[in-house]
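J.: Here it is, the structure, as structure tokens.
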Amino acid sequence: MTYFEAFFLALLQGFTEFLPISSSAHLILPSAILGWSDQGLAFDVAVHVGTLAAVVIYFRKEVVTLLTAWVGSIVKKEHNKESNLAWLIVLATIPAALFGLLFKDFIEIYLRSAWVIAATTIVFGLLLWWVDKNATLAKDEYQMTWKKALFLGIAQAMAMIPGTSRSGITITAALYLGFTREAAARFSFLMSIPIITLAGSYLGLKLAMSDISIHLGLLSTGVIVSFISAYICIHFFLKLISSMGMMPFVIYRILLGSSLLVWLALH
């Protein structure tokens, strides 16, 4: 991997991780279309660290409040809306964690292909359009219930299918349940913290148990670039989502998926 490839892939990871357009698709496509070699386990860990740091630092006040309330609910049996939301985020993490443990190898072998990415990019883009068009946009994240959180957790589990988009499918599910765009995005981003932590820890453990050589310069590039791009992306997405809606991302997904289908048909 060259420094240009590291910069480009980290930039892609940062910008696409929290937009409803699928980060996995954008990381798979350069190798499929440009013939780049796989970025490797160490680089995967690096960009996970960068994007996780971005969302934790951006939501640092909310994270501290939720963690404090969550610990208080365990230690002091104190329950409030913050502790309730924290427990619901934990609940929403369980389906994806179980799905990952059970089906990760199957997905890696059979679904990590450009054809699957093209199909899911278009299908889930159209689903996002339909749901956003018909959404009531009335609830905030503190009106979350355990049934709604579990529904969002199942949606997050589906995001393991390449091209689906974790933020895309969870925001789609939240809009379907009647949440505002801002609340849907905030809960989706907060949901990402435990699942990215689990995924990064799993990859880090695999890396520690392997004999893979580590290039600190490339890894530093991955962490820094993915952090900066993810932080910027979160900031502007939350500021603009209410006014612009989901249509720009729907159009992008349809164009990307259609272009990929044409490219595959010609090759």
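Glycine is no exception: its Cβ is also placed from the backbone N, Cα and C atoms.
These came from Swiss-Prot, pasted as-is:
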- 1-21: transmembrane segment (TRANSMEM)
- 39-59: transmembrane segment (TRANSMEM)
- 83-103: transmembrane segment (TRANSMEM)
- 111-131: transmembrane segment (TRANSMEM)
- 149-169: transmembrane segment (TRANSMEM)
- 189-209: transmembrane segment (TRANSMEM)
- 218-238: transmembrane segment (TRANSMEM)
- 246-266: transmembrane segment (TRANSMEM)
J.: Report, as numbers and ranges, which residues of the same chain sit near the transmembrane segment (39-59): CB under 8 Å and 6 or more residues beyond its ends.
T.: 1, 5-6, 9-10, 13-14, 17-18, 27, 186, 189-190, 192-193, 196-197, 199-200, 203-204, 206-207, 210, 212, 214-215, 218-220, 222-228, 230-231, 234-235
J.: So which residues does the transmembrane segment (189-209) touch in its own chain, when a touch means Cβ under 8 Å and the partner is 6 or more beyond its ends?
T.: 17-18, 41-42, 44-45, 48-49, 51-52, 55-56, 58-59, 62-63, 66, 89-90, 92-93, 96-97, 100, 141, 152-153, 156, 166-167, 170, 234
J.: Can you work out whether the transmembrane segment (218-238) touches the transmembrane segment (111-131), with the criterion being 3+ CB pairs under 8 Å where the paired residues are 6 or more apart along the chain?
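T.: In this chain the transmembrane segment (218-238) does not contact the transmembrane segment (111-131) - fewer than 3 Cβ pairs sit under 8 Å.
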J.: Counting only residues 6+ away from its ends, which parts of the chain sit with a Cβ under 8 Å from the transmembrane segment (246-266)?
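T.: Long-range Cβ neighbours of the transmembrane segment (246-266): 19-22, 25, 29, 33, 114-115, 117-122, 124-126, 128-129, 132, 163, 168, 171, 175, 181.
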J.: In the same chain, who gets a Cβ under 8 Å from the transmembrane segment (149-169) while lying at least 6 residues past its ends?
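T.: Residues 17-25, 28, 88-89, 91-96, 98-100, 103-104, 107, 111-113, 116-121, 124-125, 128, 177, 185, 187-189, 191-192, 195, 249, 253, 257.
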